[in-house]
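S.K.: Submitted below is the structure of interest, expressed as structure tokens.
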Amino acid sequence: MEENRITHLTGLIVIGGSAGSLDVILRVLPLLKTTMQVPVIIVLHRKISEENILTELLTAKTNLPVKEVEDGDVLVGGTIYIAPADYHLLLEKQGGLSLDASEKINYSRPSIDVTFESAAEAFGKKLTAIILSGANADGSAGMKIVKQHGGICLAQNPATASAAYMPQYAINHVAVDSILNADEIAAYINAQ
């Protein structure tokens, strides 16, 4: 008899970003403790050609395992998951991950909204959604769903973002719980 895997995870962090967000992620990853218990999913707007380069780049910045998501993967605590280019990333209630090639949302695939929404439905109050630098509104609609399910929403301080539109839009349209810089984001993740 298979148990519900989510009950074994203390939480889930999903980070979404676009233009300029990679710089923040590269500052956060080296600060994460290797004893971290929660899985972290990173959803970035990027081109297909950047797929392997991104995983290698992030792996070089942390001692935590970094994995590009494959359809059917199951979340493991203390692992950094990267949403692959050109697929929406969905979470299932049993902690499974699935990929979807349906239409772009907010001109993007992967869409941050899609992942935030499915993570909210699967994880509820165990979810933290973090929005970083970017030049469109992707992520804000998903954050509203996260809040409806009792999750926590954080935004990068727009003053520290290369492209302030995405975090500022979230701040203006969602009751975000905190506005943080890169060091504070790392400290928050380490406290989970």
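Yeah, the Cβs are placed from backbone N, Cα and C, and that goes for glycine too.
Taken from TrEMBL, the feature active site covers Ser18, His45, Asp138. Taken from TrEMBL, the feature domain 'CheB-type methylesterase' applies to 8-192.
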S.K.: Between Asp138 (active site) and Ser18 (active site), how many Å separate their Cα atoms?
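M.R.: Cα of Asp138 (active site) to Cα of Ser18 (active site) measures 9 Å after rounding.
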S.K.: Could you round the CA separation between His45 (active site) and Ser18 (active site) to a whole angstrom and send it over?
M.R.: 5
S.K.: Taking every residue in the domain 'CheB-type methylesterase' (8-192), what is their average pLDDT?
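M.R.: Value for the domain 'CheB-type methylesterase' (8-192), mean pLDDT as a whole number: 95.
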